[in-house]
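Engineer: Quick one: this structure, given as structure tokens, is what I'll be asking you about.
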Amino acid sequence: MSSTTPIPDMKKHIKTHSTYAFENNTNSVAASQMRNALNKLADDPALAKSNDEETRARFERELDSFFSLFRRYLAEKSDDSSLVWDKIKSPNPDEVVPYSCFSEDAALDHSKNLDKLAVLKLNGGLGTSMGCVGPKSVIEVRDGNSFLDLSVRQIEYLNRKHDSDVPLLLMNSFNTDKDTEHLIKKYTANRIRIRSFNQSRYPRVFKDSLLPVPKKFDDPLDCWYPPGHGDLFESLHSSGELDALIAQGREILFVSNGDNLGATVDLKILNHMLETGAEYIMELTDKTRADVKGGTLINYDGKVRLLEVAQVPKQHVDEFKNIRKFKNFNTNNLWINLKAIKRLVEGGSLQMEIIPNSKTITRDGHDINVLQLETACGAAIRFFNGAHGVVVPRSRFLPVKTCSDLLLVKSDLFRLEHGALKLDPNRFGPNPLIKLGSHFKKVNNFNERVSHIPKILELDHLTITGNVFLGKNVTLKGTVIIVCSEGQRIDIPNGSDLENVVITGNLQILEH
């Protein structure tokens, strides 16, 4: 047996000494076996023959980072580090502040602060959940523009309007890197500096043996995974982009999901951050019944931190979903001080909660269970000084995760201004709740069935399930439910005006 790698001491809870000793020894063996397997990966002859020192160094660095995460996973699995529910308190007034308290004229006075800003979009996701091939950022969302097009147009307009030079960074994954590098070439004539870098590539782990899936550096893509957006900090640092931004005099990084069309640069939040000296600001927005699972800020042991539904004991999940008690949730629009990132990464202080994500891969016709160990950048809030939340208008949270969301952002509810979606002022109340069934899951199927987007300015709720097709110039108001029977088809005729109706069964209009 090779020498074991020590695991950090773990607190004893109510375990007996023999249980503790057994778990500690088991973890030591698992860690030792993982380290040996990772060393073999790093010594892959194919990688040595390539003479690419930069690739080799990066690969070894990623394996070392993964091993640290893996050891922490083993320790946390044995040491019941779950939150004590009774210690969870509502945040203090200075830990969650309302956006409405920022002065109205701040946006007019502080455009000079743009010299201190850089914008980063999380661009590691594929469009597979919506039936697309390649990066999600290239899905067409509005008037021929992709997510990436809209981000570029927003920053370009900002720079032109304020005579600034705010750079746009894209954090890609190994899944999206090549396609994105090719795509951003079309923006070379635009008034914007675009930089991209890759997040880490970690090995997936067999759930039963806790050994890495890949045996070689160039094993297939399904052997590897990008470890969540919590990897942002380390990847930004190791890529050299962090030091480059600091050298340019940039102080603040505005981070958001690439598919959140509401996440535009807000000068009032930027000014508030610089005035308060906060190292980290998380944008929160009020929960609706559609957001009950969203993570929320709490005060725990006197510090602000993010509470995710996965951390909540089962008996308290209903309480967590109560929108009266936990009123707002994390939009993942984050404002972070760059020098603070450097300090915390170099000090090894950013140890966010590990999210074990179970997946399956196919080998020889069999499904095999594997683990991905991930982290989230919102969970890092507790490590930064002066960190707090700002409760922003719902308009700053407009994610497109499904074709139901796509219908919303393509509709007459919004108009496009300089790459940003603006809500029609005639709309009252929250955005409509739209639920499209499995026939609409993929973008191609959605486009076929909804070839012309209906007018939904006065819509409250829409549910469509089954084999349904919408005609041209359809208007939907109030609550509209369309349920097509199995094996049947419903065609909503051109020019239909549907208000507070339920349509079931089948309906076909034949053109004469």
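The chain as shown is numbered from 1 upward.
Each Cβ is built from the backbone N, Cα and C atoms, and glycine gets one as well.
TrEMBL annotations: computationally assigned, not manually curated.
The annotation UTP binding site is assigned in TrEMBL to LYS136, GLN199, GLY228, ASP259, LYS401. Feature annotation from TrEMBL assigns substrate binding site to HIS229.
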Engineer: From the Cα of the residue listed as 'substrate binding site' across to the Cα of GLN199 (UTP binding site), what is the distance in angstrom?
Structural biologist: 8
Engineer: Non-local Cβ contacts of LYS401 (UTP binding site) (under 8 Å, 6 or more apart, same chain)?
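Structural biologist: Correct list: SER129, ASP259.
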Engineer: How long is the line from the C-alpha of HIS229 (substrate binding site) to the C-alpha of LYS136 (UTP binding site), rounded to the nearest angstrom?
Structural biologist: 15
Engineer: Using a Cβ-Cβ cut-off under 8 angstroms and a sequence gap of six or more, which residues of the chain neighbour GLY228 (UTP binding site)?
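Structural biologist: Expected: ILE355, GLU374, THR375, ALA376.
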Engineer: Give me the long-range Cβ neighbours of LYS136 (UTP binding site): same chain, 6+ apart, Cβ under 8 Å, in sequence order.
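Structural biologist: Once residues fewer than 6 apart are set aside, LYS136 (UTP binding site) is near GLY125, LEU126, GLY127, MET130, PHE147, THR176, GLY258, ASP259.
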Engineer: If you pair up every Cα among LYS136, GLN199, GLY228, ASP259, LYS401, the residues annotated as binding UTP, what's the maximum separation in angstrom, rounded to an integer?
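Structural biologist: Spelled out: the longest distance between any two Cα atoms in LYS136, GLN199, GLY228, ASP259, LYS401 is 21 Å.
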